[in-house]
Amino acid sequence: MGYEAGQYDVIVIGAGHAGVEAALASARQGAKTLVLTINLDMVAFMPCNPSVGGPAKGIVVREIDALGGEMGRNIDKTHIQMRMLNTGKGPAVRALRAQADKFQYQHEMKNTLEKEPNLTLLQGIVERLIVEDGECRGVITQTGAHYRAKAVVMTTGTYLRGRIILGDLSYSSGPNNQQPSIKLSEHLEELGFDLVRFKTGTPPRVKSDTIDYSKTEIQPGDDVPRAFSYETVEYITDQLPCWLTYTSPETHEIIDSNLHRSPMYSGMIKGTGPRYCPSIEDKVVRFNDKPRHQIFLEPEGRNTQEVYVQGLSTSLPEDVQQRMLATIPGLENVQMMRAGYAIEYDAIVPTQLWPTLETKKITNLYTAGQINGTSGYEEAAGQGIMAGINAGRKALGKEEVILSRSDAYIGVLIDDLVTKGTNEPYRLLTSRAEYRLLLRHDNADLRLTEIGHRIGLISDERYAAFEKKKAAIEAEKKRLHSVIIKPSPENQEYIRSLGGSELKDGVRGTDLMKRPEMNYETVTKLAPPEVPVPQDVAEQVEIQVKYEGYIEKSLQQVEKLKKMENKKIPDRIDYDAIKGIATEARQKLKNVRPLSVAQASRISGVNPADISILLVYLEQGRIAKIAE
């Protein structure tokens, strides 16, 4: 027997990194939102690494912030260390990474959800969806509560039929020994969704005061104040270091001699693990020529002794983990507080989704995060904000939002998932983005703040500050383009001191800045502005001027892509009626059901000849006799 428990615009299942962004995005747009989670003490919990950001991922956090999301603001308030990565490389691959106080991060994010006026936070286990006439109309919990909604977002993480594996021990569990979600997974199969089995792992945690830090290398944070959020004005200066050590030949020997006890090699683990975050067993076997592997010791917070042993992800038995740790410099006498483990879980095949993250099978049902086959908090949060935006907008009768591959890394991530699918936990990399010079850490606001403001997630006050910054960038570029730097003796001497060749004639400030030895700071010593320019404006001017040619080339490629994106494919096109398309391409097109010719061209197995035939049919207006 069930009972009617309430009516909402949007219900979010799960309150991990995808769930909190989905819920806040929905509620802040004006949709009455309910969040149901198995354990209220686990809101925004970090079951694996206590960090946010890194290559590509850090840019996603900036994009979430530019859209009006919460992850950037939250980590700025709760980090213990922050570093800019790849500073010696070009701006396209620079990214911020923060070590989190994982407990403070959780507390702060839960507090944010509790204070959100349009949002209700509730502990409960969802076991079934209410589906009527192919539409999701709500959820049913373990206690029989029926919650009705116009849209539902599933952000179930690694809880779906979760199973923890540690040596020869295996038991049903969510991450960190939380209760798993069994019946919801079975229900998804009943509804006809294709599920896959993935696996991830985590390393042991050790006690800080049993580490001999004198045998490790200190890894401090940056001295320069850093922030993910464009709104952050107060910076944490009291940072904690991380520490670097290495495995030893003895470590590898212990692993090799115990591979028969590893669930990965005994066949006990059936799920596919992440390629770019392998276990230590995998690293030792696959890279057996390497005498050692890096191990980073990362504090899990300011008020805990627990230290995360980054690089030692494992599911080997506890006794083997203890022996492994004792062979690592600095950890000879370490106390293991928690053993590492592997966790298997169900995910849906993501080609069953539209680019809005709504499922094709059931309307008004959205999915985001690890349920879609991704790995990583940032990838989850990026999907979460988009699913929350679109579920909220659909519930309110508004047009949904799709970010393209040239708009954001979030657009690349979602397009890869829904177009190509994934046969392993998907991790976002800079190499996955063909327009990465346009998708930089520094310009996320210029790319996405207008969208965030239009949909109601960016305040008018913040938008006015953004418009002021944009105007300042253009004004300074215009000034530097018009100013002529003359070949005076003083100027020539200064340029020579920087290792540059002398000026033959007067040169525009923008042209001088394009020289490799020059930057905004050096050029403005020769042609200073009347009023000092803010650092973020100066950085943007320098990048836009220095890389103008490359940026222009990328923008031309984007324009070509937009023409293909604008060639829409009707949803109910009958690919079987199009003669000449290869069998594999026909099957893939029917499965993915791309919305545009550009998306169709990105499907693996669909070649240019197939696209040409498809274009002919579309241009003739025949549309291959759309199937009824």
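Cβ coordinates are placed from backbone N, Cα and C, and glycine is handled just like the others.
The DSSP secondary structure for Val126 (FAD binding site) is strand. Here Swiss-Prot flags Gly14, Ala15, Gly16, His17, Ala18, Gly19, Val126, Ser181, Gln370 as FAD binding site, drawing on sequence analysis.
DSSP classifies Phe287 (NAD(+) binding site) as coil under the three-state reduction. According to Swiss-Prot, the NAD(+) binding site annotation covers 273-287, on the basis of sequence analysis.
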Spatially speaking, which of the binding-site residues Gly14, Ala18, Val126, Gln370 is closest to Cys277 (NAD(+) binding site)? Use C-alpha to C-alpha, please.
Gln370
Cβ neighbours within 10 Å, counted over all protein chains: which one of the binding-site residues Ala18, Val126, Cys277, Val285 has the most?
Ala18
Among the FAD-binding set Gly14, Ala15, Gly16, His17, Ala18, Gly19, Val126, Ser181, Gln370, as the record gives it, the longest Cα-Cα distance in Å:
18
Going by Cα-Cα distance, which of the binding-site residues (Gly273, Val285, Phe287) sits nearest to Gln370 (FAD binding site)?
Gly273
Please report the distance from the Cα of Arg275 (NAD(+) binding site) to the Cα of Gly14 (FAD binding site), rounded to the nearest angstrom.
26
Please report the distance from the Cα of Ser279 (NAD(+) binding site) to the Cα of Gly16 (FAD binding site), rounded to the nearest angstrom.
23
For Phe287 (NAD(+) binding site), which residues in the same chain are close in space, meaning a Cβ under 8 Å from its Cβ, but six or more apart along the sequence?
His293
Entry from the binding-site residues list Arg275, Lys283 having the most other CB atoms no farther than 10 A:
Lys283
Cβ-Cβ neighbours of Glu281 (NAD(+) binding site) (radius 10 Å):
24
